[in-house]
């Protein structure tokens, strides 16, 4: 009887020890796995960032050095690539940045106004034909720009708008970027309806509700839409390519392409310098508003 | 009548900008390009009706049309699955309670937000050139590289690599999806001794299926729309030897280099039909997509 009890106790102790050993082993295994994960993720980060770092390094190198090694460290930084690149085309980049800024600012304003109007109507107001129109709006999201490009071009040409910024800006005041309607709707829907109803009982008009209830409560949504639209308009290439023929009116992406056209006498250092500068506004926005951007994609599930 | 008006007025007032845009910039142009597709139109003289000539020429004789389809479908078939696989793999690595996830997430997403810019397309051309950095890297292993972009048989892969580099946005969507899978499912599986690969195929994948599907449809449509990078990398023409003749690049050239607006409109309509078929599949299964996740952050 007694031996049995001690056996049992010894067995239990043995079991506990084994369990502890297993736990410890599991812990080290988990630690190893985590370490391995980090090593892999860091390696991947390096691969992901390398092209960008290489472009920045190349923007500070003379051409011979760009194409002769992997080094990310210029032997002698050529900051002159930046100053010479800035004035390296028949028109200076001051003009191109000014042009891009005008187009971008106007487009962002247009998107915010027109898309929030439409989003408010779809998310909050009742009217006949809403389901049908909403379906049509969702369908336009899928339509490639190329499909509407030619008739739009003919239309704007007949109106005498080619070689102005109107074809780039006016569509944004007409909610042509349906993605933002969708994005804003997702946010508007999360605002409690009781607020609208209370305001309505107080005699607020739909516009007052939009202005005093919905908009102030969806500032993050507005900011997200503004950031995305700023980035996309800034990077936009196809529309400026078609509508702008005069080099004085070129936006930054069109100007960058001019470097490529100067084949033979192309200067890679300068081209990279200007390429890097063209990404700077986007990078600044990304760093400042990373959280909003990432949440915007997760909630709208697009792009 | 009065009541009908009052009930609808606010809605339609707020919709006015969008409605004008919809008729003038979407529906109108789509119908107009349907019409133009049956004409010959050079923008100088009026469109001339030619019936089905454009479509007949396109399907029966236009080698470049078929080449453009081949290039585009090859690209879609390679770039989309690779990008999604990459996105899912990285999302799963990031999902499970890792510290500094925010930093990795930002780094992996960064290329997606820069990728559409002309600067990156210019960078890609230089990187994959004959003495570009890719070949410098290969030289370390004694491999003699080629001009990846100037060689017709490899040029498309530089575009595929560019697409893979931008796996960030599907990754973010996958991350949101992964977070909605209840943790206790994995704990239960762990207790039952289910292996990790089995957990992936039995828990993760089925529960993530709607998100995978959603991403797939979206990315396919995005891939069909690829233009700027292909345009820059192929010198605006689909070179070398039409190996980068993306459908959109071909359409652009027909319209704005050769001013064959009628034919280009027919091309646009074929593209619309292709996308519409894909969208129809998406809508048929739309009951899966719409779920709103409040991301924990």
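Using the three backbone atoms N, Cα and C, a Cβ is placed for every residue, glycine included.
Where the annotation comes from TrEMBL, it is an automatic prediction and has not been curated.
As given in TrEMBL:
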type     : residues  : note
TRANSMEM : A:35-57   : transmembrane segment
TRANSMEM : A:96-120  : transmembrane segment
DOMAIN   : A:97-289  : domain 'ABC transmembrane type-1'
TRANSMEM : A:132-156 : transmembrane segment
TRANSMEM : A:168-188 : transmembrane segment
TRANSMEM : A:209-234 : transmembrane segment
TRANSMEM : A:268-289 : transmembrane segment
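Between the transmembrane segment (A:96-120) and the transmembrane segment (A:268-289), the number of CB pairs under 8 angstroms, six or more residues apart, is fewer than three, so the stretches are not in contact. Here the transmembrane segment (A:168-188) has Cβ contacts under 8 Å with residues 103, 106-108, 110-111, 113-120, 122-124, 137-138, 140-141, 161, 214, 218, 220-222, 224-225, 228-229, 232-233, 236, 239-240, 243, 296, 299-300, 302-303 of the same chain, all six or more residues outside its ends. The transmembrane segment (A:268-289) makes no contact with the transmembrane segment (A:132-156): fewer than 3 of their CB pairs lie within 8 A, with pairs spaced 6 or more apart in sequence. Sequence-remote contacts of a segment are chain residues at least 6 beyond its ends whose Cβ falls under 8 Å from one of its Cβ atoms, and for the transmembrane segment (A:209-234) they are 100, 103-104, 107-108, 111-112, 115-117, 120, 124, 168, 172, 177, 179-180, 183-184, 186-188, 191, 195-196, 199-200, 252, 281-282, 285-286, 289, 292-293, 295-296, 303.
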